[in-house]
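This report refers to the structure that appears directly beneath it.
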Amino acid sequence: MWPAIIQQLSEQLGKDFHLVEKEKVHGGDINECFMVSDGIDRYFVKTNQREYLTKFTAEVENLRVMRESNTVQVPEYILHGTSKTHAYLVLNYLATKPLDDAERSYEFGVQLANLHRWGEQKEFGFDIDNYIGATVQPNPWHKKWALFFAEQRIGWQLQLMQEKGVNLTNINEFVEMVKTRLANHSPRPSLLHGDLWFGNVANIVNGPLCFDPACYWGDRECDIALAEWFGGFQPEFFQGYESVWPLDWGYEERKDIYNLYHVLNHYNQFGGHYLDEAQKLIEKILSY
């Protein structure tokens, strides 16, 4: 694997890359990640089995469109490819620390709101299907938000659970209920990070950074709801966001529907206590 990476990196840079340092670094639960250096420049390398190339290709597109918005900082794409046995993605390496101070948190809130305001997309979805963690995230274009979220988010995850032999509710009935609950909410399509938990943001020398996106055009409230559910963000993050674009009336009820998508996905990936959490959240939503 490493000879292939070094060769492609040399070709991309237009000069020989001589590997003088390679250090394993934290990069989540899915990929094996490294910092590599030629003694001058440093790069962040994600690796996995060869079949993961489709995931890395999707991540490249996610990062591209977020960078195009010129609103938030994301890692710079260098290259991706495969060896005989592995797939890899190379980004610029950035020294990070937690996004835990008030000023930078507020700044990121402002940046996220500007990301959500960017663009003039008329429909909900994305140009490609991508991944939320290790799970395929289908993104066919829809004109109606309620239809998109009910079918391509909630219905999709419930179907994946059913294939595992788990039936929390009648899928068709619950999907129709979600459509009804969201029918009177007509958000403008916003470019979403899509997986905005505290572990996917950081602080670097020149400001906040976000990474590992699962982008699509959807209701901006989905990003905020997930940030609340996972926790870790400073209050100033939410204050910064609302200083630019206050949340709409009804968000407190909609956020449970939006976060159900992530709870279901966590069960489909990790199992365990997320099943009980999903059941309780479904019961809460049905009780409204």
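Quick reminder: no glycine exception, Cβ is built from N, Cα and C everywhere.
Quick look at what Swiss-Prot lists:
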ACT_SITE  ASP195  active site, proton acceptor
BINDING   ASN92, TYR93, LEU94  ATP binding site
Legend entry - Three-state secondary structure, ASP195 (active site, proton acceptor) (per DSSP): coil
Legend entry - Cα-to-Cα gap, TYR93 (ATP binding site) vs the residue listed as 'active site, proton acceptor', nearest whole Å: 21
Legend entry - Cβ-based isolation winner (fewest other Cβ atoms within 10 Å) among the recorded positions ASN92, TYR93, LEU94, ASP195: ASN92
Legend entry - ASP195 (active site, proton acceptor) and ASN92 (ATP binding site), Cα-Cα, nearest whole angstrom: 21
Inset, instruction - Would you mind pulling the DSSP three-state label for ASN92 (ATP binding site)? - result: strand
Inset, instruction - Would you mind reading off the Cα separation of LEU94 (ATP binding site) from ASP195 (active site, proton acceptor), to the nearest angstrom? - result: 20
Inset, instruction - Other than ASN92, TYR93, LEU94, which residues of the same chain sit close to ATP? List them in sequence order, counting a residue when its Cβ is within 8 Å of the Cβ centroid of the site. - result: ARG42, TYR43, PHE44, PRO75, GLU76, LEU91, ALA95
